[in-house]
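**Q** Straight out of TrEMBL:
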type: TRANSMEM; residues: 9-31; note: transmembrane segment
type: TRANSMEM; residues: 69-89; note: transmembrane segment
type: TRANSMEM; residues: 101-118; note: transmembrane segment
type: TRANSMEM; residues: 138-159; note: transmembrane segment
type: TRANSMEM; residues: 180-200; note: transmembrane segment
type: TRANSMEM; residues: 206-223; note: transmembrane segment
Amino acid sequence: MTLSLFDQFLSPVVCWIPLVAIAIILPWILFPSPTTRWINNRNLTFQNWFLGQSTSQIFLPINPTGHKWALLLSSLLIFLTTMNTAGLLPYTFTPTSQLSINMGLAGALWMGVVILGMRTQPTHSLGHLLPEGAPALLTPILVIIETISLFIRPIALGVRLTANLTAGHLLIQLTSTATLALLTIMPVTAIFTGVLLFLLALLEGAVALIQAYVFILLLSLYLQENV
């Protein structure tokens, strides 16, 4: 029984054992695995086309040095897309609605990009902390502001993904609760709220895909600045 609107975001537990690992690993069985046949089936062909198109779009403005991250970011794109969309199914759990998971991903990848920039081109990476042509009197203030904005990036990545998924799930639950409550009292109004619920589900599906793409796109932009 749901006691509050936020109970849906609690990690599932059975016999005091958290099932987050199962919720993360289990949806991967939905993806088709490569076969030894000469011609792929439709699902595998669509999967390869999607990976090729998304990877080419993300790494188009990045020089060949950053293409080593293609496998990591494309795998992360599939991971986030799977977690976001699978959480829309009934009786499922969305791991990416947890701020700890999103911050862990964002913080580790952001730190890796920054370390890569400091190792390969430290002068260029540190040059982002001070805009070209800035007045000498404003130099300390600008360096402090740019440093703060640099450290806010992983927080913005994790909070953006968590907030969008949480808000969408709350809207769907509120609308579905209102639909069930109005079904016996005002059936005509319940039909309109049911249509609204269907449209919200479609919108949330699009948001799940877009937020996964935005997460990877922002990481690629950070990578572009440091390679």
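Backbone N, Cα and C atoms are what each Cβ position is placed from, and that goes for glycine too.
Keep in mind that TrEMBL annotations are predicted by a computer and have not been checked by a curator.
Keep in mind it's a predicted model, so treat the numbers as computed, not measured.
Situate these features within the shown structure.
**A** Non-local neighbours of the transmembrane segment (69-89) in the same chain are 24, 27-28, 30-31, 51, 54-55, 58-59, 95-97, 105, 109, 161, 165, 169, 201, 204-205, 208-209, 211-213, 215-216, 219-220, 223; each lies 6+ residues outside the stretch with a CB under 8 Å from one of its CB atoms.
Proximity of distant same-chain residues to the transmembrane segment (101-118), defined by a Cβ-Cβ separation under 8 Å and at least 6 residues beyond the stretch ends, is recorded for 76, 95, 124-125, 150, 153-155, 157-159, 161-162, 215, 219, 222-223, 225-227.
When Cβ-Cβ distances below 8 Å are used as the criterion, the transmembrane segment (180-200) is approached by residues 168, 171-172 of the same chain, each at least six residues removed from its ends.
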